[in-house]
Amino acid sequence: MNAIWIAVAAVSLLGLAFGAILGYASRRFAVEDDPVVEKIDEILPQSQCGQCGYPGCRPYAEAISCNGEKINRCAPGGEAVMLKIAELLNVEAQPLDGEAQELTPARMVAVIDENNCIGCTKCIQACPVDAIVGATRAMHTVMSDLCTGCNLCVDPCPTHCISLQPVAETPDSWKWDLNTIPVRIIPVEHHA
C-alpha cells in the first residue's frame, strides 16, 4: 500500500513539474498573431465553404491582410461582410466578385429530392453551417434560411438527390434597381 502512495505522489509531482514547464514555455515562446487577421476572421461568416478560392475563412483573412487579396470574394457573407472589412481596413468598398456574380446570379440553396434520399447523413457531415437536418436512414431536408449555397453537400451524396436551385424571389429578396424607377420630387408647402 505504501508503494502505491509513493507512485501516486511521484506521478503527481512529475505532472506538476511538466505542467509548469509547458506553461512557462507557452508564454515565453508565444507567437503573436496579426491582430488585423484576427479581426477580419471574426467578420467572416466561418462557413469554410471555399467559394473565395481559399480552403477556409482563416486563410482568406490572412490573404486579405498579408497578400492584399480582394475583399469582395466571400459569397456567403455578401456585401455586408465586404463593407465591414472595407471599413476595418480603411479601403474603398468594392463590388462583389464579378466571377461569383456570373456563376451564381441568384442566391442558391440546396434542395434534397426526399423520395430518393437514403438517409446516409453524408450531406449532414459535409454541410459547414448545419443547414441539413435528418437522422440515419430517415429523410433529410435543408433549412433554406441557413443554407449558403456552397455546394459542399452535393458531391458526397451517393444517390445524387441533392441539387442547387435558385431561391424564389419575394418582395423581400428582390433586388430593386432604383436607377430605373422614375422618381419625381414633389415640393411640400408648410403651413404655419
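The count begins at 1 with the first shown residue.
Glycine residues also receive a Cβ, built from the backbone N, Cα and C atoms like all the rest.
Going by what Swiss-Prot states, the [4Fe-4S] cluster 1 site holds CYS49, CYS52, CYS57, and the candidate of CYS74, CYS117 recorded there is CYS74. The record from Swiss-Prot ties CYS147, CYS150, CYS153 to [4Fe-4S] cluster 3, and of the options CYS120, CYS127 it ties CYS127 to that site too. Residues CYS117, CYS120, CYS123 are recorded by Swiss-Prot as [4Fe-4S] cluster 2 binders, and the candidate that the same record lists for that site, out of CYS66, CYS157, is CYS157. Apart from CYS117, CYS120, CYS123, CYS157, the residues listed for [4Fe-4S] cluster 2, the same chain places the Cβ atoms of ILE112, ILE118, GLY119, THR121, LYS122, ILE124, HIS140, CYS153, PRO156, PRO158, THR159, CYS161, ILE162 within 8 Å of the centroid of those Cβ atoms. Around the Cβ of CYS153 ([4Fe-4S] cluster 3 binding site), 23 further Cβ atoms fall within 10 Å across all displayed protein chains. Take the mean position of the Cβ atoms of CYS49, CYS52, CYS57, CYS74, the recorded [4Fe-4S] cluster 1 site; other residues of that chain with a Cβ within 8 Å of it are LEU44, PRO45, SER47, GLN48, GLY50, GLN51, TYR54, GLY56, TYR60, ARG73, ALA75, PRO76, GLY77. For the pair CYS52 ([4Fe-4S] cluster 1 binding site) and CYS157 ([4Fe-4S] cluster 2 binding site), the C-alpha distance works out to 23 angstrom.
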